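What TrEMBL records for 22-42 is compositional bias 'Polar residues'. As annotated by TrEMBL, domain 'Amino acid transporter transmembrane' applies to 94-505. The region 'Disordered' annotation in TrEMBL covers 1-42. Taken from TrEMBL, the feature transmembrane segment applies to 109-127, 133-153, 173-196, 244-264, 284-302, 333-354, 374-398, 419-440, 446-468, 480-505.
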Amino acid sequence: MEERPETELISIPATPRVATPEIQTPSGQRSPRLQGKSSTAWTPTSFISPRFLSPIGTPMKRVLINMKGYLEEVGHLTKLNPQDAWLPITESRNGNAHYAAFHNLNAGIGFQALVLPVAFSFLGWSWGILSLTIAYCWQLYTLWILVQLHEAVPGKRYNRYVELAEAAFGERLGLWLALFPTIYLSAGTATALILIGGETMKLFFQIVCGPLCSSNPLTTIEWYLVFTSLCIVLSQLPNLNSIAGLSLIGAVTAITYCTMVWVLSVSQQRPPAISYEPLSLPSFASSAFSVMNALGIIAFAFRGHNLALEIQATMPSTFKHPAHVPMWKGAKVAYLFIAMCLFPVAIGGFWAYGNLMPSGGILNALFAFHSHDIPRGLLAITFLLVVFNCLSSFQIYSMPVFDSFEASYTSRTNRPCSIWVRSGFRVFYGFINFFLGIALPFLSSIAGLLGGLTLPVTFAYPCFMWVLIKKPTKYSFSWYFNWILGWLGIAFSLAFSIGGVWSMVNSGLKLKFFKPI
């Protein structure tokens, strides 16, 4: 398909914060139209300098200052792809700091936090807390890098992680490096959410109804189907901004059930045979691989960086009000709450169960040791919160895949997706994940391995991107710091992947197709 020539369009903004004209999109949202090219050598206000204004009288000076402010606002011309006005991620650009906080919380915290005490059982108190703290600070720094690189090149917004990777590493290499991990983090997480959500719905039904409700209860696969159907219904919301309410629900439920789990665990009597010494294994190699797998669990607890640029793309951006300001405000609030969930779950869970922690995490430990001490109502509420969180997380992690489907369609047909086409894509994607879940029931068992393979998205690639795009002075502190962090992230990815393979083999994993546990 031939590319249509870009046209220059300058219009007086409707509000002071919006500098680009808007068009109506198929879902009724408004999105900026394609703008002309911006020049790095000349700006609309370059001729209005303080030296130029100094000899002019006060009234004339006031007029020119006002005109300068207007030209700065209108002159922030961003080169946009007109196809972006048709796609779910960039269709609506009325996001704000609150939306950023909701989306980052929903994407950054979830079921993976519940297995952090398992890592502590192999690392112990000191190394466990130190590793979790370093990982938290490291990923917060790389998130700041992604927020800053969203508009690193004047007149260009990198709306997707793959786009930024292509700009940094080259079109072909960037695609190969970023495509697989981002697809897994989206589609793989969605499949895992179906497995966890379906099984949790089954447990919730059993707790609430008991044996008297039905003599022929639904099977696990049927509960997967029920959960998938609910996900498909919610996925009909058109774009990323439209699911802000769902992200808020996901964030609140995640914070609530994480807090409930560690508070209930700490408030109960500890098992008599508890010990806080790291688990001892028969050989040095086994211990080393176990430690690497534990570090991989900690690294896998921090996710959501593959969605940072997509979240920021939903916000308006002007010369005076760039999008990185509200995005970083929302991200700081979100990761404050994430820290308030992850650290108590890890520390409180290890304190309550020590190295008796089962491999399933703190939720399994709570039910194994205290199921008779906790009221059924609290257990049912905990399960229900997990279900709500899985439903909400499915939407935000699936949005990049929906965006890819619709981008392929619109590039071929040169028109936006109709409601029926959009719904068809989302129904197809939901059932693909459903069939993957029942065909590959061992998917959750190899999460550590796949988490190691996708670790560079969070810890390594952003550091390389900063050096390649921002180009700090060679051999400066920033240059050394980012190169070292980037290569450390690659080395840890390889080590954690090896640890995940060892853990998978050591646990005697059997691949039983179409026989979910």
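Here the Cβ of each residue, glycine as well, is placed from N, Cα and C on the backbone.
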Determine which residues of the chain contact the transmembrane segment (333-354) at the Cβ level, with the cut-off under 8 Å and only residues 6 or more beyond its ends counted.
-> 97, 100-102, 104-105, 108-109, 113-114, 116-117, 119-121, 125, 128-129, 132, 136, 140, 143, 251, 254-255, 258-259, 261-263, 265-266, 268, 270-271, 274-276, 301, 361-362, 365, 369
Hey, which of 133-153, 173-196, 244-264, 284-302, 419-440 has the most Cβ-Cβ pairs under 8 Å against the transmembrane segment (109-127)?
-> 284-302
Criterion met for the transmembrane segment (419-440) and the transmembrane segment (173-196) (at least three Cβ pairs under 8 Å) | yes
